[in-house]
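To start, the structure itself, in structure tokens.
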Amino acid sequence: MFVLRPCVHFAGRKIRSGMRSETPIHQSSSSSRSPSRDPFGGPVPGCTFYGWVYTAGVALQGFVHEETFVINSIKGRDQVIRGVPVAGVDENGHGTIHLHVRRDKQNYEFSFARALPGEKLNLIVTHVTKNRLKKKEIANFHLAIDERCSASIEEVTPRCQHFAEKCGGCSFQNLKYEAQLREKFELLKMRLKEYEVQVPRAPVDPPVPSPPFGWHARTEFRVFLRDGLQMGLHPEGSPVPVPLSRCHLHPEAAHEAFQALLTALRAAKCTPFDERTGRGWLRHVVLRSAHAAGLVESLATLVTVGEPPREVLNRVAVVAMQNAPRLVGVTWSTEGEESLKSPGWRSVGQQSHKVLAGRSYLMHDVVGMKLKISSEAFFRPNIFLAETLIQTVLEMSAVQPGDVVWDTFCGQGLFTSAFLQMHRDLQMVCIDRSLPALQKLQQNLAEWGHASSAEVLHGDLGIPAYLHRLTAALPDQHRKGELDEADEAHEADLNFEDEVEEADIPFHDTPFQEKVPASLPAPQILLVDPGRNGMPKPFRRHLLDLEVARVVYISSGRALLRDLAYLTSRGYKLEEIKCFDLQPHTAKSLEVVAHLEWTGIG
């Protein structure tokens, strides 16, 4: 099924119990074995897989997977290990296998792209490194898939024709949706144990499911030339995009907009930007969708580089809207230059978009309100589960009349609007770094008569200087001293994850246009809804200074686990969590709403 490719191998090092080392030490050359066949047609272009070695002995006692496959020894290259079961999935959507080597007394975990839980693989050893003079040293070895000997009983035929091309959008369309939910839930429970995060109200409820198709609220398509102008996505680990004819994760309104825009761009002879030559000007087309009045409508954004011809953009926008009735507007963003600075770039919503045709916002129905959703800023990725998520946050917050609620990383104010609609006598403080998002929040608050109930602040919660200004505005300042040795040691355990997570978006580049008021009410309830990077390190420390009685934290993945591990070790108690599958068929982790209470005991 797979072309045999090398693994990136990770060596074990002495680490805190329950944590894992992920230090890359070697990348081997490609195997010369011939490729297998893909069950969805044609040879698979390649299977990149990753492995890591766990530390020995007590450090990981209790973390041995129940489906660990036991072998006596690794004898050398070309050894075939037969019938190894795929035990689950990892955060990348890859199937994981667990090996225990008796001679080395070591547990190993490896992961393989497109491997499904329940199937069995024949694996071949492609490389072994062992110093015979250092018998206690951990052996390093690489595995590749020799053949797929037994299929998973939960495998299904994928709906999308592009799934076999590995377009980069889906990871699990060939796995039953019920099985996807189970595997993501098991992974979450395993990671909670690994990070030593205790949940008092166990067991955790199963995740709230989503309609498996038509849920996607936003996708950024790359525009490129290949037998004419194309729109597509990047496969995992590849700079070469795959052209798409449609994406089933999107609602039908977005598909209509996709086809209309593609036709209009081709007719106008638009020039895609080519990174190799620096020529061209059209870089991305971003499609957003929202649910209003029982219908789904879409909004498109053309992302350009340099000085594109304005008359061509206007013509494309008008023609596209004529051919797609549910496309309510087309906007223009000049942030394409920023996307050249780093791979995997996404707009951080600092530049306002220009309207080419129609309107610059979507309408979204939630808790009895119609919210205007800006084209620049973040919104929940699932158009169906936003209201269920809000209801959960409301329940966990348990607000009372007159409470002071801080909505940090508030974005366009999804939670702020819902809280004030349900409890009009609350005092809200809303903070975010995206000025366009805050402007849309203020418009929504004014339309619903809540402007006087919310203090809207423009600032970056990842910058210590700004956090100090917030603290100085509080009536009672609860300042803690410098981090003690225990704090520093715990921070050191989490540092490697912070470096990876927080490097994606440069916090220091954010402009400030609003000042912090002279006084602010101290929060009794704190909503924390950061992006995929979780809480910035300065904000985590600031949260301990605030000593807020109740925190409701919405996040996902390892960033969530990192933050929960830190807070629960320094004075907060995790009371309850609920999880949601906001992105079916993808490798994205479950979205988690966590309720924490301040105890002061750490």
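Quick reminder: no glycine exception, Cβ is built from N, Cα and C everywhere.
According to TrEMBL, the protein carries these features:
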BINDING   Phe409, Asp432, Asp529  S-adenosyl-L-methionine binding site
REGION    19-39  region 'Disordered'
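Under 8 Å, Cβ to Cβ, and six or more positions away along its own chain, Asp432 (S-adenosyl-L-methionine binding site) finds Thr408, Phe409, Cys410, Gly411, Leu438, Leu441, His458, Gly459. In this view, Phe409 (S-adenosyl-L-methionine binding site) is surrounded by 22 other Cβ atoms within 10 Å of its Cβ, with every protein chain counted. Cβ-based neighbour count (10 Å, all protein chains) for Asp529 (S-adenosyl-L-methionine binding site) stands at 21. Apart from Phe409, Asp432, Asp529, the residues listed for S-adenosyl-L-methionine, the same chain places the Cβ atoms of Asp407, Thr408, Cys410, Gly411, Ile431, Leu461, Val528, Pro530, Gly531 within 8 Å of the centroid of those Cβ atoms. Maximum C-alpha to C-alpha distance over the listed S-adenosyl-L-methionine-binding residues Phe409, Asp432, Asp529 is 10 Å.
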